[in-house]
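Student: Let me begin by handing over the structure; questions about it come next.
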Amino acid sequence: MSNPFLKQVFNKDKTFRPKRKFEPGTQRFELHKKAQASLNAGLDLKLAVQLPAGEELNDWVAVHVVDFFNRVNLIYGTISDGCTERSCPIMSGGPKYEYRWQDEHKFRRPTALSAPRYMDLLMDWIEVQINNEDVFPTNVGTPFPKNFLQVVKKILSRLFRVFVHVYIHHFDRIAQLGSEAHVNTCYKHFYYFVTEFGLIDTKELEPLKEMTARMCH
């Protein structure tokens with residue numbers, strides 16, 4: 001395994017959270033395969049994210065949210081040794097953007113945290129959402145909750161903040177690992193998907209606006 005990016009990924013026990021699996025034979029598994037196949041075939045990412053004819057939007061979104069969670073988790077895992085309480089005492093995206101953590105349990109009010117602490121809470125929180133059958137049902141025929149897209153918007157907005165932090169504060173590490181192209185592809189895929197379905201407020205996209213304009217238009 002000569003690729004330093006992959007070495008880094010497989011050596012980081014931090015990145016190994018249980019992946020949400022799609023059971024073979026299920027509709028979601030077939031959709032996942034369809035999405036992967038179009039990426040592997042080198043299909044234009046802007047086209048690859050479009051809803052296939054005859055498919056349900058919620059199913060398509062669910063498959064992508066799980067996939068993005070796994071990918072972003074791996075990307076952060078590769079630079080996490082350089083993202084510490086000391087190097088990143090505040091979860092931010094440059095001097096203009098600070099992200100505060102809020103949840104239904106310990107942090108009822110938006111709270112300033114270090115980037116590694118924020119990332120840990122974020123990944124745990126998303127994992128709970130995507131493994132909750134009431135939010136992400138795995139059985140075909142079980143309806144999605146009425147607020148499904150609202151939950152998804154929150155997940156994707158928070159995942160976007162990981163890209164912001166990684167690009168602005170740790171891009172030298174990404175470049176050093178030779179994984180710039182891989183991370184850029186993941187970002188473009190994510191960006192095209194959320195904009196195709198209006199799943200992120202424009203103001204959330206602001207910190208990477210200039211980079212996105214160069215990369216995605």
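Glycine too: its Cβ is placed from the backbone N, Cα and C atoms.
Unlike curated records, TrEMBL annotations are generated automatically.
Sharing the features that TrEMBL gives for it:
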BINDING   Cys83, Cys88, His165, His170  Zn(2+) binding site
Student: Within 10 Å of the Cβ of His165 (Zn(2+) binding site), how many other Cβ atoms are there?
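Tutor: His165 (Zn(2+) binding site) is surrounded by 24 other Cβ atoms within 10 Å.
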Student: Starting from the Zn(2+) site formed by Cys83, Cys88, His165, His170, give every other residue of that chain whose CB sits within 8 Å of the mean position of their CB atoms, in sequence order.
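Tutor: For the Zn(2+) site the neighbour list reads Ile79, Gly82, Ser87, Ala115, Pro116, Val166, His169.
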Student: Just to be sure I understand the packing, how many Cβ atoms besides its own are within 10 Å of the Cβ of His170 (Zn(2+) binding site)?
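Tutor: Around His170 (Zn(2+) binding site), other Cβ atoms within 10 Å: 21.
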Student: Around Cys88 (Zn(2+) binding site), which residues of its chain at least 6 apart sit with Cβ under 8 Å of its Cβ?
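Tutor: Correct list: Ser114, Ala115, Pro116, His165, His169.
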